[in-house]
Amino acid sequence: MNFNQICVWAPIYLVIFVIAYMEIMMIYIFINPEATEIVLMILHHLLLLVVIYLFFKTITTQPGTPTYQYTEDDPLVEWRKICKHCQIKKPLRCHHCAACNKCILRMSNHSFWLNNCIGQKNYKYFFCLLFYLKPQLQFFTFLFFQLKLQKFLLLVRLIHILQFLQFFQALHL
């Protein structure tokens, strides 16, 4: 595996690492969960499973390339031009991706985070991924900081109690 191949797959490995880190943090936070925290943890895991499924579905689904069955005399297809790189006839909204080195039907963009183009066949998975990723990250952030804040405030209270006890101990000496 050369350096270019490693660089291409590095963002995907980074995303997988972040997902694994989020999961480890959630398990670390919920070591002794209460009844309400179990419901929150189940909700977090359901959202996480949906995001992971959509992530891998977007990566593995091919975006769609033009087929050679189209003909010039087809009245339903308007031909725009011939691709300079692939030398095939491109329908409207078909673009050549320099990263993938192929023409993509209804190309939205090439995502380096997914190492795949977003096109006609995987656009719905990409859109759903973005749709579910935002609430999942917001939910994780809320839970993480809410519970960490509770632990931090508990630590601050303990420090204040210890300072209070030291103050009274100093008065009695």
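FYI, residue positions are counted from 1 along the chain as it appears here.
In case you wondered, yes, glycine gets a Cβ from its N, Cα and C as well.
Features reported for this protein in TrEMBL:
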- 80-146: domain 'Palmitoyltransferase DHHC' (DOMAIN)
- 12-31: transmembrane segment (TRANSMEM)
- 38-56: transmembrane segment (TRANSMEM)
- 123-145: transmembrane segment (TRANSMEM)
Q) Residues of the same chain, at least six outside the transmembrane segment (123-145), with any C-beta under 8 angstroms of its C-beta? A) 22, 25-26, 29, 40, 43-44, 47-48, 50-51, 54-55, 57-58, 61, 63, 106, 108, 111, 114
Q: Tally the residues of the domain 'Palmitoyltransferase DHHC' (80-146) by DSSP class, grouping H, G and I as helix, E and B as strand, and everything else as coil.
A: 24 helix, 20 strand, 23 coil
